[in-house]
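Undergrad: Take a look at the following structure, please.
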Amino acid sequence: MEKNGSHHKLRVCVATCNRADYSKLAPIMFGIKAEPQFFELDVVVLGSHLIDDYGNTYRMIEQDDFDIHTRLHTIVRGEDEAAMVESVGLALVKLPDVLNRLRPDIMIVHGDRFDALALATSAALMNIRILHIEGGEVSGTIDDSIRHAITKLAHYHVCCTRSAEQHLIAMCEDHDRILLAGCPSYDKLLSAKNKDYMSIIRMWLGEDVKPRDYIVALQHPVTTDIKHSIKMFELTLDALISFNKRTLVLFPNVDAGSKEMVRVMRKKGIEHHPNFRAVKHVPFEQFIQLVAHAGCMIGNSSCGVREVGAFGTPVINLGTRQTGRETGENVLHVRDADTQDKILHALQLQFGKQYPCSKIYGDGNAVPRILKFLKSINLKEPLQKKFCFPPVKDNISQDIDHILETQSALAVDLGGTNLRVAIVSMKGEIVKKYTQLNPKTYEDRLELILKMCVEAASEAVNVNCRILGVGISTGGRVNPREGIVLHSTKLIQEWSCVDLRTPISDALHLPVWVDNDGNCAALAERKFGHGKGVENFVTLITGTGIGGGIIHQHELIHGSSFCAAELGHIVVSLDGPECLCGSQGCIEAYASGIALQREAKKLHDADLLLVEGMSMKEEEPVSAAHLIQAARLGNARAGGILRTAGTALGLGVVNILHTMNPSLVILSGVLASHYVSAVRDVIHRQALSSAKAVDVVVSNLADPALLGAASLVLDYTTRRTY
């Protein structure tokens, strides 16, 4: 490491505010201390560590044999919103003197507490580099705002999950300064369970308590809704009293509302109840053993949804404090915990179960990665951090006229027959639509796209719409990162290795997104349709061909070579009819509009298609619509073809259920309503029992291709990760 041109040790200041953040910082501190040839460690202690009511937890830092350089009393008592603000202010007053004396090269700040915000603000204003631990996560309270504010102040980021890493990138942080390391506490967790635990259980819960036969409760106030969180804590204690199991209750943290929660505990006599043990603090190593062997953990602490998953201990997460966290299957969420019966029922469902261990938040090797990351920091680099904003051509100033306009997208749909452009509002309203026949050559097609987009962008001014960008839905395989059509379907000629983003962006001075039409249909459902708010679902388009898109954990799956969700080419028969892709027995070879048209022609040529009530003009081409009409009027052969097509589609859906296990399947396109009953029947007959509960619905969107193309733009502008 270099500083001012000379080799020296990196001076690291670790500031810890409470028992929770110390459990994450301690493994890093031990790692730094173990390499004195590379690092100098200064420890600053502040916040609730120094308050008797919260256990004087600075003592555990001393017991770990760390020298505490500075103790700062920064908490203003009162445990309300004003006290939190005053505590931040007091810390800001005291920290500059400490940092002036220490002059660290880098300060390590953890998490999302108000004390941590004061630390990051002080360090940033005093030109000290900041390494933020656990940025990019989402919980669901004011902690989110504080965490993201610290992210903006920090120069380097250590995150625990892939989603957190993606959130940091979406927040315009430099990817080169983000380390996906996992949670440091997991370095202890994953090696802890086999240690002696019975003595710890007896010490905290009594001699007669057995493993898996007690509960750990840890609940904090929600500062954005203190009154409701106190009521929820009261209901939790009532449910625990009724459940009649030995329970270790930890006092809440120092946030606004904690004083009232302690009053509730004392009003109910929890500290003297024979089934309860109420404590201010448990050393982390002992706490690990207690939750690892508990019958259940209940409350709203991040520990429940993060660390406890490493042991597979059942968890009941109450309320909204951890709403956005990634969780393992051991967590049961009771979002609206407004009655004692709901909480009691959750206890009955969870208590005593054993779930698979989860490693969502770490693999036990976070600290070596973090130390290596620290060693790689170049102190010669400019201190001023840079933000990686997405490329936008010629930004338009935000004057009052633009504020009053309706934010909208230009949506382009490239179909086999037609080329369509539409102005789509943020609410999914198609304000204006333009349709032309899709030209057969590349040059004519691109010229027409540009002409229609320019015309639509001009018209947007007249209809008071501000165009935020252009989204393009097209058939074939697409590289959405580069905006390139890699190769297309046979329905669109001369449409391979085509860069759509550059010419359209250059012409319109707008950002451009491009994706496959099946993926766009899934995005449309996610933003405007049945998929809104659904974590895992699949969309199947039933039209001229068969396509689709997969949403997994709220995100669209593209695959390693942008070939994911080619659902029409799932093989359901080894010797089935030939598909346009060259294979045999694909879903598309049975259930697409082209396949139905092929079968309709065969019947027509054999004079077996028309039945009473049907008529065709002499020059009228035979289509899938004629087959459907014939089946509806009682043509047994036509009905059999439709049943076979529906069965093939259903078998494909069963394969999808057994691969992706979505909770919802959405059938889209002109043929969807004709297939939905058959698909449900096949699922009922063929799917595994655990997959049969899936909902199968028909899309209610009138134009999923255009809406999906628009959502490419609108999702990004509302800062959704994509």
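Placement of Cβ uses the backbone N, Cα and C atoms for every residue, glycine included.
TrEMBL lists these features:
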- 38-375: domain 'UDP-N-acetylglucosamine 2-epimerase' (DOMAIN)
- Arg477, Thr489, Asp517, Glu566, Glu588: N-acyl-D-mannosamine binding site (BINDING)
- Asp517: active site (ACT_SITE)
- His569, Cys579, Cys581, Cys586: Zn(2+) binding site (BINDING)
Undergrad: Compute the C-alpha separation of Glu588 (N-acyl-D-mannosamine binding site) from Cys581 (Zn(2+) binding site), stating it in Å without decimals.
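TA: With the alpha carbons as reference points, the distance is 9 Å.
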Undergrad: Quick check: with His569, Cys579, Cys581, Cys586 left out, which same-chain residues have Cβ atoms within 8 Å of the centroid of the Zn(2+) site Cβ atoms?
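TA: Here the non-site neighbours turn out to be Gly568, Val571, Leu580, Gly582, Ser583, Ile587, Glu588, Ala589.
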Undergrad: Give, as a single whole number between 0 and 100, the mean pLDDT over the domain 'UDP-N-acetylglucosamine 2-epimerase' (38-375).
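TA: Computed over the domain 'UDP-N-acetylglucosamine 2-epimerase' (38-375), the mean pLDDT is 91 on the 0 to 100 scale.
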Undergrad: Distance check, please: Cα of Arg477 (N-acyl-D-mannosamine binding site) against Cα of Cys581 (Zn(2+) binding site), rounded to an integer number of angstrom.
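TA: The separation of the Cα atoms works out to 13 Å.
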Undergrad: Far apart in sequence but close in space: which same-chain residues, 6 or more away, have a Cβ under 8 Å from Asp517 (N-acyl-D-mannosamine binding site)?
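TA: For Asp517 (N-acyl-D-mannosamine binding site), the qualifying residues are Asp413, Leu414, Gly415, Ser473, Thr474, Gly475, Ile541, Gly547, Ala705, Gly708.
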Undergrad: Using a 10 Å cut-off, grab the number of neighbouring Cβ atoms around the Cβ of Arg477 (N-acyl-D-mannosamine binding site), all chains included.
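TA: A count of 18.
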Undergrad: In the structure shown, with every protein chain counted, which of the binding-site residues Glu566, Glu588 has the densest set of Cβ atoms within 10 angstroms of its Cβ?
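TA: Result for the most crowded candidate: Glu588.
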Undergrad: Could you round the CA separation between Glu566 (N-acyl-D-mannosamine binding site) and Cys581 (Zn(2+) binding site) to a whole angstrom and send it over?
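TA: The Cα atom of Glu566 (N-acyl-D-mannosamine binding site) is 11 Å away from the Cα atom of Cys581 (Zn(2+) binding site).
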Undergrad: With the cut-off set at 10 Å between Cβ atoms, which of these binding-site residues ends up with the most neighbours? Options: Cys579, Cys581, Cys586.
TA: Cys586
Undergrad: Please give me the CB contact count at 10 A for His569 (Zn(2+) binding site), counting all chains in the structure.
TA: 20
